[in-house]
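J.: Dumping what TrEMBL says about this protein:
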BINDING   C:Cys32, C:Cys35, C:Cys38, C:Cys242  [4Fe-4S] cluster 1 binding site
DOMAIN    C:23-52  domain '4Fe-4S ferredoxin-type'
DOMAIN    C:134-165  domain '4Fe-4S ferredoxin-type'
DOMAIN    C:166-195  domain '4Fe-4S ferredoxin-type'
REGION    C:106-128  region 'Disordered'
REGION    C:196-215  region 'Disordered'
TRANSMEM  C:317-338  transmembrane segment
Amino acid sequence: MARLSPLEWPVLRQLRSGDSLGRGPAVTSPTTRAVRPRNATADRVVQSICPYCAVGCGQLVYVKDEKVIDIEGDPNSPISRGRLCPKGSASEQLVNAPGRQKQVLYRAPKAKDWQHLDLDTAIDMIADRFIESRRNGWQELDDQGRKLRRTMGIASLGGATLDNEENYLIKKLFTAAGAIQIENQARI
Amino acid sequence: MANADCIVLQGGNMAEAHPVGFQWVSEAKARGARVIHVDPRFTRTGAIADRHIAIRAGSDVVLLGALINHVLSNDLWFKEYVLAYTNAATLVSEDFRDTEELGGLFSGFDPATGQYDLQSWAYAEAGGDGGVGSPSGQAGEHGSSKSDRAAGDEHGSGGPSLEHAEVLRDETLQDPRTVFQVLKRHYARYTPQMVQELCGISEDDFTYLADSITQNSGRDRTTVFGYATGWTQHTLGAQFIRSAAILQLLLGNVGRPGSGIMALRGHASIQGSTDIPTLFNLLPGYLPMPKVGVHDSFEDYLEGIASKRQKGYWTHADAYTISLLKAWWGEHATADNDWCFDYLPRLSGPHGTYQTTVGMLADEVEGYFVLGQNPAVGSANGRQQRLAMSHLKWLVVRDLSLIESATWWKEGPEIDSGELRTEDIDTEVFFMPAATHVEKAGSFTQTQRLLQWRHKALAPPGEAQSELDFFFKLGQRIRAKLADSTDERDRPLLELTWDYPVDGHGDPDPEAVLAEINGRFVSGPDAGKPLSFYGQMATDGSTAGGCWIYTGVYADGVNQAARRVPGGGPSPSQHEWGWAWPADRRILYNRASADPDGKPWSERKKYIWWDEDQGKWVGDDVPDFPEDRAPGARPDPNIGGPEALAGDDPFIMQADGKGWLYAPKGLVDGPLPTHYEPWESPVANSLYPQQQSPTRVVFAREDNLGAPSAGTRGDEVYPYVFTTYRLTEHHTAGGMSRWLPYLSELQPEMFCEISPALAAERGLENNGWATIISPRAAIEAKVLVTDRVKTLTINGRAVHQVGLPYHWGVGTHAVVSGDAANDLVGVALDPNTQIQESKAGSCDIVAGRRPRGQALLDLVADYQRRAGATVDTDNVPRVTDPEAETVTPRPDGEVSGEDGFSRW
Amino acid sequence: MGQLSGPTDPTADAHWHTHEERKGFFTDTSICIGCKACEVACKEWNHNPRDGDLDLTGMSYDNTVSLGASTWRHVAFVEQDRARIEEARESGRVLVSLGMPQVRSERDVTTSVTDLSGGDLSGVDTTPPDTPEFRWLMASDVCKHCTHAGCLDVCPTGALFRTEFGTVVVQDDVCNGCGTCVAGCPFGVVERRSDGTAAPTTREGQKKGEQPPIPNKGVAQKCTLCYDRLVDGQTPACAKTCPTTSIKFGDHEDLVTEAKARVAQLHAQGMTEARLYGANELDGVGGTGSVFLLLDEPEVYGLPPDPRVCTADLMTMYKRAAMAAAGMVAAAAVAFLGRGGRGA
Amino acid sequence: MSTSEYDSLRPPEPPRRRRRGGGGGRRRRPFGTGDGNREMLMVPDVEPTSYYGRPVVKPAPWGEDVAAYLFLGGLAGGSGLLGAGAQLSNRPKLRRNARLGALAAVAVGGAALVRDLGRPERFYNMLRTFKVTSPMSVGSWILSAFSAGIGVAAASEIDRMTGEKLPLGKLRPVLRAVEGPAGFEAAAFATPLAAYTAVLLADTATPTWNAMHKDLPFVFVSSASLAAGGLGMVTTPVEEAGPARRMALLGVAGDVTAMRLMEQRMDPVAAEPLHHGKAGTMLKWSERLAVAGGVGTLVGGRWRPAAVASGLALMAASALTRFGVFEAGLHSAKDPRYTIEPQKRRLAERRAAGITDDSITTV
């Protein structure tokens with residue numbers, strides 16, 4: 001404070017403004033006088049929906065320098081009117097969680113620990129295993145000779161936290177592959 | 001909900017599970033509505049309700065049945081509504097025998113398979129032959145009227161098929177075979193005394209509840225019920241909901257503002273994931289997956305969904321199915337190859353997650369994708385889940401952080417107990433980092449069927465990617481690897497339409513997927529244009545669309561789910577925010593909000609009404625009814641389809657246009673909700689000799705033993721009832737909450753909630769440790785001693801309940817961890833929905849922490865031995881009173897009922 | 001010079017020339033569902049670190065224990081049986097019978113009820129409810145933003161100041177962590193965030209769950225009523241997120257009016273246990289900026305029953321100190337004027 | 001099964017003491033017996049309720065550095081006064097020792113204060129404003145003014161002691177010229193320095209401190225007097241130390257009287273912490289040492305060894321008074337009873353007297 005100008009010394013400002021008790025503007029710091037809310041500095045604000053429960057509360061996502069700096073309720077949503085529950089209020093932390101895993105990990109059979117795998121290799125390996133297990137578990141006909149055309153070698157669990165479009169692609173791919181053991185939290 | 005005059009929250013803890021949704025309850029309450037909370041625990045919902053009524057977990061049908069009885073015997077039902085809009089007057093087949101006569105069973109039970117033959121439950125026929133519309137003997141539909149045909153889930157947007165809509169009715173309701181009279185007899189034994197005995201609810205509380213709902217129903221007023229997993233997670237979960245539906249229909253509380261039964265769902269897109277299902281038994285839009293032996297031909301399949309002669313919109317299932325197949329296989333789907341119908345794999349029974357688990361343990365399943373879910377913590381019988389995963393060849397876990405389902409091989413409880421050794425586990429595990437909701441665009445469907453689009457805010461970090469991106473690329477990779485294959489079985493994969501436009505990173509455009517779901521004209525003058533409602537879907541292959549109920553979400557090439565007019569616009573139905581299926585209707589069956597003559601029941605509850613001048617239905621919402629069908633219209637019911645709907649048939653997805661008080665089809669465990677005790681219960685069923693649901697799905701295995709029920713040897717070993725639930729501060733199995741410091745600090749440790757009486761009985765202290773033992777596992781938890789958990793007097797005996805939140809799991813990566821309540825839960829399923837019973841089980845509780853290592857296994861085994869629990873306990877003898885059984889088994893090897901009402 | 005007690009306009013007292021309406025909260029605990037969204041939204045907005053040791057406290061559903069350096073909204077949970085409920089109802093009745101200035105006639109009550117609910121009242125249940133067997137109180141506590149703020153007045157550096165909105169805010173860049181404000185607050189709101197050198201009073205977590213470096217260590221911390229948001233015309237994070245509007249934000253004057261109407265409404269419904277806290281400008285802190293509707297005595301929620309800002313007695317203290325100092329001078333004079341002790 | 005290693009760690013003794021030393025960790029002190037929750041649920045409310053026995057107010061985050069400063073500040077103030085007296089009455093040894101003692105006390109005390117700050121590097125912000133409502137601010141200015149004067153005066157003494165070895169150059173005459181006025185300047189701030197710390201403690205919501213607000217200044221100036229007197233007796237030959245002895249004696253008389261009076265006039269509940277625990281012990285010994293030192297001064301003050309012993313006893317007594325009062329206050333802040341009971345009583349008294357419009361609780 002004093003660095004700016006000795007005249008800005010709050011004691012002098014107190015004298016000038018008559019704020020003898022030093023309560024108000026006489027004692028503010030330059031930082032305080034320049035305060036702005038973080039969300040007002042965002043590069044963009046994106047409308048979104050809370051990922052937790054099925055109420056579907058509206059969210060506003062504030063992005064600055066390609067980082068989420070704030071997530072708040074969207075007051076325009078007729079569903080939630082800008083309000084969020086504790087989980088919804090924590091969703092900025094969900095995105096920026098300290099414990100979030102951002103790399104692909106692979107655990108080999110019998111291995112005691114993870115190793116890193118690059119994304120492309122991982123997808124390739126999964127595709128190989130998908131094809132093989134599909135073949136291994138294939139059932140063309142049932143014991144009465146009726147068509148089954150399916151595989152019991154692959155199963156999937158999940159979807160209730162996913163988008164409709166994602167569920168659609170999963171169902172489409174699995175069904176085309178003949179995999180029928182697809183389930184999600186709708187039943188759990 | 002904000003428009004209701006009375007709100008009954010039962011089997012759901014809305015304030016805790018859906019705080020933001022609860023604002024509408026708060027608002028209604030501030031307006032003067034009465035809020036009643038019926039729950040085993042005094043929860044945060046109870047804290048601001050007008051009254052909390054403590055109920056024993058699993059006894060809801062007794063209470064609801066008694067309310068139905070109260071309404072019927074005191075003549076409190078809404079006469080005009082019930083007569084006009086429900087099947088009260090419809091006659092039931094002469095062959096139908098109720099539980100009154102059969103010791104708690106309905107007619108048609110086969111003790112050998114544990115299933116019902118539904119034929120005798122049908123409506124009476126003019127010809128008197130009994131079957132649900134079987135005018136011509138045993139053709140098609142009727143040849144397979146076994147219980148596995150009854151697929152509640154497949155009727156997520158309507159009722160099951162009837163052969164035709166011509167039913168016998170007695171408008172005076174005097175005929176003893178009318179649904180009304182059947183109902184009256186069935187619920188006669190559900191008395192307030194029985195409620196006191198089995199639910200532990202005083203007569204005073206019962207009267208309060210009964211008066212509240214009846215005084216707040218009718219022309220001027222409405223009552224709404226809200227439920228959650230407290231109802232679904234039982235062996236008769238679907239029947240819990242059915243009984244509320246019956247009550248609501250009798251009171252005229254369906255299809256009107258501030259009425260109905262609200263499912264309060266726990267996941268962002270749980271509705272969406274049943275509409276566009278990642279479920280084994282469904283195709284998008286509640287079309288069933290074909291079943292071997294039933295749907296061997298395309299004709300059989302279509303006939304099985306809906307008869308062309310029944311009423312309502314399901315009669316166009318052929319157009320929906322063909323459009324779906326066209327969307328998937330494009331030009332390869334032609335009339336000649338039945339639109340690639342044979343590319344669809346066939347089911348032969350239930351293939352739910354618990355059957356799949358058994359398949360893993362039997363080494364039949366090699367690979368497993370776990371997508372944003374945490375079965376090691378969140379699925380019933382967690383130990384069985386983890387052991388099953390150790391049998392896999394490979395496992396792909398896609399999540400935001402290293403959840404317990406990704407780390408069980410090195411830090412799961414079985415490593416600690418010595419059952420598994422990391423170096424012996426052959427499973428390959430891929431952990432694929434997922435994108436959060438802000439790092440991808442897409443739509444969620446919320447609990448009231450509203451689709452809302454999320455815009456992408458930024459790119460996912462590191463190697464994280466969305467499921468859309470992952471599966472698109474996986475599909476591309478698989479197709480590339482199989483490109484040269486000539487194998488017949490690879491053709492569905494190779495001919496699949498998998499050519500979505502991509503961005504610079506090769507990621508598919510989610511809007512393009514939404515456009516495919518919406519559907520488009522493939523040929524004809526409008527070729528390439530998006531469909532705008534499902535009525536445009538054709539049977540000649542000129543349209544393609546991935547999910548008929550979502551048609552319209554991309555009408556005019558505009559992403560309707562992305563509509564964001566502040567507040568939803570001026571209309572009370574808030575139409576301009578997102579998009580609701582079907583066809584953007586906000587209240588289903590809203591024709592019922594007007595009286596049979598098309599006038600609003602009252603000015604106060606005005607919503608949709610018939611405008612004589614315009615000759616159409618008008619009001620605050622899109623009418624969920626043929627727009628120009630006059631109230632007095634009485635078309636020939638036999639013409640079938642929507643055209644057959646009379647002007648007073650508001651339930652347009654039901655085969656007879658009426659609300660079903662009695663379900664001649666659609667449920668595999670009875671046409672009327674009937675109380676059975678949970679699989680594990682320290683209480684004897686005083687209503688019927690039949691103790692448990694006879695059709696419950698059980699897994700008689702060493703790793704899924706059940707506790708002896710009341711009255712059998714060893715029932716004192718697991719003397720207490722436990723119930724599992726969630727807390728506001730956490731999310732399901734914790735994958736999205738236990739990794740967040742701000743949420744973790746709010747509920748940092750696993751705990752159990754018990755009454756002071758139980759604490760005294762077992763020497764437990766507040767904030768001390770307790771070990772809870774079930775026939776599956778033993779876990780430890782901190783203790784909260786609280787009056788919020790009541791010791792109830794059931795059948796004159798004190799029944800203690802142990803409350804267990806289920807958010808914690810054993811691992812080292814989360815901010816907070818702890819034992820998983822689901823390890824205690826046994827796998828016993830509702831035959832309709834395949835949902836497990838996690839809301840009521842038997843346990844013991846003792847002071848102190850649980851033992852570690854082998855000693856833990858010994859403890860569980862010791863309890864099992866003392867209780868005499870074996871794979872036979874309460875698993876094999878399904879029928880408690882065999883001589884009550886009168887039905888001849890049908891020699892048919894089909895496996896029992898899959899599917900159902902799963903709305904969770 | 002500004003006032004040290006009694007009714008006043010705190011903004012004018014602080015010599016603000018730009019005049020904003022005094023802002024505040026009205027926390028209606030009768031509709032709180034204890035979801036703790038306010039706690040989380042507050043932490044998230046202010047980037048406060050996680051608090052506590054991640055151990056269960058056994059205090060019902062309260063695991064954050066109290067307001068503190070990193071918890072600026074705190075939800076209290078209190079479980080009570082019938083006897084205690086009856087006492088609370090009785091103590092509320094006593095308040096009415098004391099003839100407090102705010103008691104209104106039956107007629108006013110009805111009017112205010114109507115105002116509040118906006119119409120449709122056909123279903124209002126005006127019969128007094130039976131005393132329930134059990135109740136579970138939840139209340140979101142926060143800094144009171146007192147009219148006479150002890151913390152502010154005892155702060156030696158000017159780090160604490162009165163904003164143009166009448167709220168009290170710590171300037172993180174000024175505070176040197178002397179801790180006087182901590183002792184100066186009659187509500188136990190302010191706390192110095194642990195810096196590891198002074199005796200730690202902040203429950204800084206020890207368990208795993210890494211967090212980013214803790215900001216503002218060693219500095220006094222408390223609710224700012226989201227000063228940064230207020231200057232931009234935004235609602236404070238807690239009030240914005242509150243699902244049931246238990247936390248209301250607005251002009252202080254309006255909120256007090258609303259609070260009085262609400263308590264009257266509850267009394268009309270027979271809930272005589274309802275009472276306001278902080279809505280009286282004649283009280284020991286000149287009224288609070290954050291007003292609460294409570295359903296029991298304040299101490300049940302951990303609030304002081306009769307707080308009095310310490311500086312209200314400051315002039316007495318200085319007078320007594322001056323007398324003492326004078327005494328000391330006199331004593332010294334006596335000592336030197338007395339005999340002996342001077343050389344030989 | 002029913003026992004485990006943790007069972008022995010369960011309540012009634014709070015198990016998590018291990019977490020962190022001192023005042024850290026969650027203070028889980030039960031209010032009455034048993035834990036808070038059960039008390040809420042099952043024990044009828046015979047005593048006033050609290051929120052799970054949690055404190056209502058927070059104790060100042062002050063460590064023993066601050067208690068030490070209370071003592072040293074008083075010592076410095078008293079010594080400054082003695083120094084000025086010696087200056088006036090021409091007692092060079094007493095003057096020198098008092099000045100040096102004051103400087104040492106004020107330097108160590110000031111350092112202790114800075115060390116106790118959450119952000120010591122920002123100590124200079126203490127002079128950022130002048131706030132009459134803040135005893136800490138007022139005190140900072142007093143401390144600065146006093147230090148300036150006593151610093152100059154003491155520097156001159158040091159220069160003399162070292163045989164004018166300090167590299168002062170032309171400044172030496174200036175120093176000599178201002179030395180006297182500086183000593184008086186310091187003396188002008190000496191009694192405020194000794195007295196303001198009482199206001200510093202009293203001007204808080206800490207129940208025991210606040211309840212002392214009328215009388216604590218008298219205790220503290222007395223304590224400062226006896227400490228400074230004691231220091232004079234220790235450092236100064238008996239022949240020059242007469243005023244120190246008399247000041248000590250007056251201090252002892254004042255201290256004992258003021259303390260007793262104060263306790264009587266305080267709210268009885270708020271006074272409790274003065275008699276219990278660590279604080280009680282310290283205050284008991286403080287009184288004993290003060291009396292002993294006083295008697296010693298009176299009887300053997302002219303015999304150097306007895307004077308030294310008495311002086312030490314008096315300084316110890318003063319230190320114990322400060323530490324005791326300090327500790328009692330912190331204790332009172334940690335138990336809700338000391339906040340709630342006096343407040344409820346005074347509220348009830350006002351209501352009984354017909355004053356019903358000034359409660360924070362209204363309808």
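Even glycines carry a Cβ here, placed using N, Cα and C.
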J.: Which numbers of helix, strand and coil residues does DSSP report for the domain '4Fe-4S ferredoxin-type' (C:166-195)?
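T.: Within the domain '4Fe-4S ferredoxin-type' (C:166-195) the tally stands at 5 helix, 5 strand, 20 coil.
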J.: Taking each of C:Cys35, C:Cys38, C:Cys242 in turn, which of these binding-site residues have a Cβ less than 8 Å away from a Cβ in chain B?
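T.: Going by the Cβ criterion (under 8 Å to chain B), the qualifying binding-site residues are C:Cys35.
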J.: Mind sorting out which of the binding-site residues C:Cys32, C:Cys35, C:Cys242 are close to chain A, meaning Cβ under 8 Å from one of its Cβ atoms?
T.: C:Cys35, C:Cys242
J.: Do any residues, 6 or more residues outside the transmembrane segment (C:317-338), come within under 8 Å Cβ-to-Cβ of it, and if so which ones?
T.: none
J.: Count the other Cβ atoms sitting within 10 Å of the Cβ of C:Cys35 ([4Fe-4S] cluster 1 binding site), across every protein chain shown.
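T.: Excluding its own Cβ, C:Cys35 ([4Fe-4S] cluster 1 binding site) sees 32 Cβ atoms within 10 Å.
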J.: Given a separation of at least six residues and a C-beta threshold under 8 Å, show me what packs close to C:Cys32 ([4Fe-4S] cluster 1 binding site) in the same chain.
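T.: For C:Cys32 ([4Fe-4S] cluster 1 binding site), the qualifying residues are C:Val75, C:Met138, C:Ala139, C:Ser140, C:Thr244, C:Ser246.
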J.: List nothing but the one residue from C:Cys38, C:Cys242 whose Cβ has the fewest other Cβ atoms within 10 Å; the candidates are the binding-site residues.
T.: C:Cys38
J.: Hey, does DSSP put C:Cys35 ([4Fe-4S] cluster 1 binding site) in a helix, a strand, or just coil?
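T.: DSSP assigns C:Cys35 ([4Fe-4S] cluster 1 binding site) to coil.
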J.: Check the DSSP secondary structure of C:Cys242 ([4Fe-4S] cluster 1 binding site), expressed as helix, strand or coil.
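T.: Going by the DSSP assignment, C:Cys242 ([4Fe-4S] cluster 1 binding site) belongs to neither helix nor strand, so it counts as coil.
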J.: What are the DSSP helix/strand/coil residue counts across the domain '4Fe-4S ferredoxin-type' (C:134-165)?
T.: 5 helix, 13 strand, 14 coil
